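So that you can see what the record holds, here are the features copied from TrEMBL:
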type     : residues  : note
TRANSMEM : B:21-43   : transmembrane segment
TRANSMEM : B:49-69   : transmembrane segment
TRANSMEM : B:105-124 : transmembrane segment
TRANSMEM : B:173-194 : transmembrane segment
TRANSMEM : B:225-246 : transmembrane segment
TRANSMEM : B:258-286 : transmembrane segment
TRANSMEM : B:298-317 : transmembrane segment
């Protein structure tokens, strides 16, 4: 018998009014995977993460964590059971310091107390290079640092499944490899990652599997290079002419 | 290079502290102030002492309403339900059941919190403006039910005889000390609450409920607990009103004006901080003392002031004080001792 996937969705759908953002979505993510998700704007990527994290309940379908149905479990329950979310539009606790932001996650999601929670928060500060901002109010951070804080807070919750939503956008060419290295080290420590990103070369550097979403459906899925080379992905997402063969190095240049 | 430095500093333990210079000063000053306030009845006239009880009631109301609205995000216009419940619980316990009047105060607070449990399940079905209106309606229901109870005087109200054993001067002084103990306990509890693990959840909830939930905070349970705590606080305020005025009337204790006062104090002081409601209560009390003779014109003045604060100083007076960075008068925050700062001190 094969072990249960860490997280699984069975024909998950989500509609907003008459707009069907996700429909009949099936996904299995094994522990230790780094699943990259690409797709045009409005493809349902962020909705998928919100449904997995519990912020938005699905209209149809089932979500399983370790093979157990968690569809009706609220966000805080999922956070306490190892699902951490880093939102696309950062949602820091603005009136709290950066350190306190991380302490919330370390205390309530990871369930640590006192010095252990503080150590987890400080560790997460260091991994994301935010230590110098530790005592600054989150409201004083610039957008990019708020994005870092978003990732740091997710890490401080000691996740088993890390949901990242467009964390590389806006970073400089020097910063992207640092971020890739961070995700790689997180994955190496045994955390499963689902990462939505438009900066495709960042994604292909760490993703073990790539999935392209379009209009709430899976357009292509599999080995990253193969997905990027597939005609549908090239036409719909990358906006390239599918008749022209992909360059040997892949489109991550 | 920076990585190496930060790794090394990580091994040093005890790097997070709760105290700041401002909170050390603020908390010490608070302790001195409490001692000074305790000695006050020996120093000033009884009329002023009587007015001070009013200030303590306002402090309790502002601090607990702020927990509810400022931290919990629940703008209630119906906390007078628990002011009335507290006042009537005290009368019932002390006069009808013969419980010691001082013991009746904490019991009345517990009664308020217990009644708040079923009420919360009703009120929490509503959010935002609907919650505000709903809580007001619930408070009116409390008033209408009270009027139907002849044992506590119905619509005419009831006088309290539990304090009649004291001569007048001593009675006012005792009322003052009781109110002082209550304000220290309630405001102190608010400080400890915000400082605690639960306070961390509460502050996160104040800033972003969605992100708080994805960080593992049980938002609904936290809100309910805050609602119960602030109901207990309003109940304590009600008992103090009863003890100091010696008469409880439904039209007085269930007056929606209490909610207007609470909103005013918290808004001008600074919503969502511990310091703000204290400042707001003191300012409101001073204005009340200075302008009371102008009758309704004074209420219009308060209204204009409140509107000005909402338009131009949304974070209140405390927000203006700490606009260059957070200032805490109580040790509720967490600060990381950064490596370069420690080095500078050595």
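Numbering starts at 1 and runs along the chain as displayed.
Using N, Cα and C of the backbone, Cβ positions are placed for all residues, glycine too.
Curation does not apply to TrEMBL; its annotations are automatic.
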Considering only Cβ pairs within less than 8 angstroms, which of the stretches B:21-43, B:49-69, B:298-317 has the most against the transmembrane segment (B:258-286)?
B:49-69
Cβ-based contact of the transmembrane segment (B:225-246) with the transmembrane segment (B:21-43), 3 or more pairs under 8 Å:
no
Can you name the far-off residues of the same chain, 6+ from the ends of the transmembrane segment (B:21-43), with a Cβ under 8 Å from a Cβ of it?
49, 52, 172-173, 176-177, 180, 184, 275, 327-333
Taking a Cβ cut-off under 8 Å, which residues six or more beyond the ends of the transmembrane segment (B:298-317) line up next to it in the same chain?
263-264, 266-271, 273, 276, 279-280, 283-284, 287-288, 291-292, 323
